[in-house]
Amino acid sequence: MNSIKFPVLDRTTKNSVISTTLNDLSNWSRLSSLWPLLYGTSCCFIEFASLIGSRFDFDRYGLVPRSSPRQADLILTAGTVTMKMAPSLVRLYEQMPEPKYVIAMGACTITGGMFSTDSYSTVRGVDKLIPVDVYLPGCPPKPEAVIDAITKLRTKIAREIYKDQIRPQQGNRCFTTNHKFLIVRSTDTGNSDQELLYPPSSTSEISTETFFKYKSPVSSHELVNSGGV
């Protein structure tokens with residue numbers, strides 16, 4: 001039985017009949033089935049990868065690493081998030097099914113870290129792009145700290161209310177080269193052929209109207225090697 005305390009689930013009758021609610025039952029079933037998305041951009045991910053070994057054995061918490069965002073409900077943003085990587089991170093988050101959770105792992109993810117000083121290409125805080133449930137500071141955090149963050153997230157899940165599990169649909173955060181973040185329309189348009197337009201050299205901001213533009217299909221090689229910051 002899970003050690004997380006449930007106010008209603010813990011009330012039992014003399015005949016050992018458990019009385020509970022839909023909220024507690026749903027939360028209890030998800031506590032031991034968090035499937036994290038393997039997402040790492042820097043050295044913090046090495047500490048997270050060490051949890052898979054037998055020394056820390058994070059399988060005991062029911063964590064099953066997934067390579068597809070459509071099969072994951074937890075993402076640990078481990079490492080530096082660059083401006084060019086930001087749209088991909090937002091898209092991965094949008095492809096995850098609800099309810100979903102985010103753990104910001106490391107100083108570079110939370111504030112930009114040492115790369116945030118006079119840097120034009122680093123996002124200064126992943127919470128400007130996606131909502132964060134647990135902040136895990138460190139450079140890098142130890143595996144024990146990651147386990148503690150997961151424990152705190154499990155405690156938060158145990159206290160959730162069913163109607164609050166589905167977050168309201170929000171506009172995504174658009175970014176500019178001078179670190180001004182704007183709210184734009186959703187990037188999950190269902191069109192796999194859309195191409196990201198980077199700002200021209202004559203301006204420092206990405207227009208909210210031309211953030212995404214539908215163009216003729218392009219190869220992934222051309223898309224990756226397109227000009228930009």
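Just so it is clear, glycine is given a Cβ too, placed from its N, Cα and C backbone atoms.
Cys108 ([4Fe-4S] cluster binding site): 28 other CB atoms within 10 A of its CB, across all protein chains. What Swiss-Prot lists as [4Fe-4S] cluster binding site is Cys43, Cys44, Cys108, Cys139.
Within 8 Å of the centroid defined by the CB atoms of Cys43, Cys44, Cys108, Cys139, the record's [4Fe-4S] cluster site, lie the Cβ atoms of Ser42, Ala78, Gly79, Thr80, Met105, Gly106, Ala107, Thr109, Gly113, Gly138, Pro140, excluding the listed residues themselves. Scoring each of the binding-site residues (Cys43, Cys44, Cys139) by how many neighbouring Cβ atoms lie within 10 Å, the top position goes to Cys44.
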